[in-house]
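What follows is a short report on a single structure.
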Amino acid sequence: MLTELRIESLGAISVATAEFDRGFTVLTGETGTGKTMVVTGLHLLGGARADATRVRSGADRAVVEGRFTTTDLDDATVAGLQAVLDSSGAERDEDGSVIALRSISRDGPSRAYLGGRGVPAKSLSGFTNELLTLHGQNDQLRLMRPDEQRGALDRFAAAGEAVQRYRKLRDAWLTARRDLVDRRNRARELAQEADRLKFALNEIDTVDPQPGEDVALVADIARLSELDTLREAATTARATLCGTPDADAFDRGAVDSLGRARAALQSSDDAALRGLAEQVGEALTVVVDAVAELGAYLDELPADASALDAKLARQAQLRTLTRKYAADIDGVLRWADEARARLAQLDVSEEGLAALERRTGELAHELGQAAVDLSTIRRKAAKRLAKEVSAELSALAMADAEFTIGVTTELADHGDPVALALASGELARAGADGVDAVEFGFVAHRGMTVLPLAKSASGGELSRVMLSLEVVLATSRKQAAGTTMVFDEIDAGVGGWAAVQIGRRLARLARTHQVIVVTHLPQVAAYADVHLMVQRTGRDGASGVRRLTSEDRVAELARMLAGLGDSDSGRAHARELLETAQNDELT
């Protein structure tokens, strides 16, 4: 429920604060005082596009701030609203209320705030649109649109779950159809790609490269290319360390020399020399190890150049792969892994195509059944809704009016991308909201031809149709009880007894909802629980909002009664109208 609204520098309103209660609140005022700015402010809180031209002349920005409570709402609605607050980081005030604010800058971007936290306008509307239902003359025009008519019928029918199930199946069906078409169109391309991948993997598997093999080959080839030089260097070094095989010269080797030196030092009684003997012994150990390693190195060296030729041939094989698939062998192996994964995804078999065709057919059947189920729900609800709206119109001084709702299957051409064959044999167009075309019909006098609402209702008649529809939706609990319903001059083009009946219907609606109405009709204003008047407060044309007392209400109603003003007859007429309305039992 909206408990307070503060407007600053919006249109004709300089600064105004209005407090709202449960029940029926009416706003009146002379033309040009800014009554509609109150509704405009609520539209802004509902996420409407910010218009800098709405900022009052001389001001830098306009601000609209609303305070909402959720105590009168059902648990499910409160839980949904709390989820919006939590996701936005918004907080409630100490009394549990929530402040929503919209700021419009003359030169910069607009700002939105919810519970003290800056939020996108979409997040703000996600909260306020659950609490506010706004209706104006533009909304009457929207009621002529087929999608709005279908939406109203679905609300009455409580068709939300059926619509969601249909949409889920439709998305799956469209995805499967796209996959099937893509599969058929790309079958040859996929087969060619699979052949290329198989050829490449076979080539790689035949060569059988090992991780890092190309790097190791470079080192091996470099070593084998200098085989004679390496053998000579190793042989010379070994001979120098251990001596030549000639027994007469064997004592010239480093091993023998170090052995003799160590023995000489060990034979001494001098401690220093014996310490040096240990160092020479360590050197001897190192030299002996080096001699052994040089021997092993020489044993491993190929006896001829055939080993080099084998390494070069292997390098040529690997280079064939690195020229085609990657810069090095490790990259080739990664490419092969990716190719195997891709090949596993490429199902080019006839079995795969047939399975996809079966799945698409199954989804089409399920979707067709869901569409029929949704149509059945709508057709049943259409009869009840049309009957109840016609009854409301009768109570609004339109006893001969007839309101109808047509629900027909929207047929499709064979070339339509969303054509769906139904069990009945019809080829329907599977739109986002079903296969149904919903059309509201209206005739002011029974016996005449019923025409589409857009072609048959005048402004005043359209106002009453819309009000009747809202009353039916609200009283059948398709609108959450405790929410706020705002009507901006939907009584345009209406007067007399019809205006009285509109007032009565709005008062009845206020039993379960907070109802706020901007009106120029005294018959409607007389039924309100609270009467607010928008009036000019200064010479600069600024306007404010004032709550009227009982006597003030009489004076305002007298003004609204054809400008009778402060005349005795005007006041008497206004007082009688007010007393009659307030004492109406609203049966």
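Keep in mind that glycine also has a Cβ here, set from the backbone N, Cα and C atoms.
Note that the coordinates shown come from a computational prediction; the quantities given were computed from them, not determined experimentally.
What Swiss-Prot records for this protein:
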type: BINDING; residues: GLY29, GLU30, THR31, GLY32, THR33, GLY34, LYS35, THR36; note: ATP binding site
Can you count the other CB atoms that lie within 10 A of the CB of THR31 (ATP binding site)? 6
Given the ATP site GLY29, GLU30, THR31, GLY32, THR33, GLY34, LYS35, THR36, its other Cβ neighbours within 8 Å of the Cβ centroid, in chain order, are ALA12, VAL534, SER543
For GLY32 (ATP binding site): intrachain residues, at least 6 apart, with Cβ closer than 8 Å: ALA12
Of GLY29, GLU30, which of the binding-site residues has the most Cβ neighbours inside 10 Å? GLY29
Per DSSP (helix/strand/coil reduction), LYS35 (ATP binding site) sits in helix
Comparing the binding-site residues THR33, THR36, which residue's C-beta has the most other C-beta atoms within 10 angstroms in this structure? THR33
